[in-house]
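Chemist: Residues or ranges marked as active site, nucleophile by Swiss-Prot on the basis of similarity to another entry: Ser46. Sequence annotations record features per position, and here Swiss-Prot assigns active site, proton donor to Asp201. The feature active site, proton acceptor is assigned by Swiss-Prot to His204. Positions annotated as site 'Transition state stabilizer' by Swiss-Prot, on the basis of similarity to another entry: Gly78, Asn108.
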Amino acid sequence: MSDSQDKNYISFEKTEIGQIVSEAPAEKYVSFQKKYFNRLTIIGDSITQKGFTPGGYCAELMNFYQRRLRVDVWGFSGYTSRHVLRYLPEIPLEIDSTKLLIVFLGTNDCQLTETGYMCPVDEFKNNLLALTRPFPHSKIIIVSPGICTKDICFKREQEPYVIAASETVNTLNKSKANSAGLINLYEITKSYPTPELLFTDGLHFSSLGYSLLFNEIVATISKAWPELLPNNLPLQFPHWSEILFT
């Protein structure tokens, strides 16, 4: 159903909006947003932080969900899952209104230093579970690290972390059926005919790489939770055709 045909929207009584404006605007408006506007929350590292560059997957998801879900993005360049978990209590997340959570970490965890992995694989798995635990009512997509065509800072060994991401999804689905999905970005990028075109520097995605990731996210949602596709979500505020002559 096109946007112009959509009659399924979130409507608000004029009296309710009037009360919000007249009684303590800041406090009431925040309450109003939390009550009505559901969200897509994304947590990741630099690949997510750069996700608003032209063609970036965060920008594409924000466009995809215009006036259907608010998109909250928390990308932390250079962070491992350990670092994100450390600062999780300080991130102003809207947990109750998050319909879909995407966690894309592991690219920094799997770096091999002189003393071992930057974040050991068992800890990585536990961190993923801890990061998703505050979202018991959200659908969750775990994105595994992809390949790298060049070593940046350190050599990376992704395969154990892909397995850990898969095991995390299995654990989440045992707790609550069909609550989580996996995007195996390692296999997807590895099997791409010309993988070097997916990256700007061998690690961070080009617009082509981001497009590949965006399409995988949409495919995962379509298969597992079609009710979360934009056309199946209410429009936030009436369509212009409903109010043009009012």
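A Cβ is built for glycine as well, from the same backbone N, Cα and C atoms used for every other residue.
Looking at the shown structure, what environment does each listed feature sit in?
Modeler: The C-beta environment of Ser46 (active site, nucleophile), restricted to residues of the same chain at least 6 apart in sequence and closer than 8 Å, consists of Gly75, Phe76, Ser77, Gly78, Thr107, His204.
Every protein chain considered, the tally of other Cβ atoms within 10 Å of the Cβ of Asp201 (active site, proton donor) stands at 11.
In the shown protein chains, 20 other C-beta atoms lie within 10 A of the C-beta of His204 (active site, proton acceptor). A coil conformation is recorded for His204 (active site, proton acceptor) in the three-state DSSP classification, outside any helix or strand.
Secondary structure from DSSP puts Gly78 (site 'Transition state stabilizer') in coil. Within 10 Å of the C-beta atom of Gly78 (site 'Transition state stabilizer') sit 11 other C-beta atoms, taking all shown protein chains into account.
Mapped onto three states, the DSSP output places Asn108 (site 'Transition state stabilizer') in coil.
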Chemist: For Asp201 (active site, proton donor) and Asn108 (site 'Transition state stabilizer'), what Cα-Cα distance in Å is obtained after rounding to a whole number?
Modeler: 15
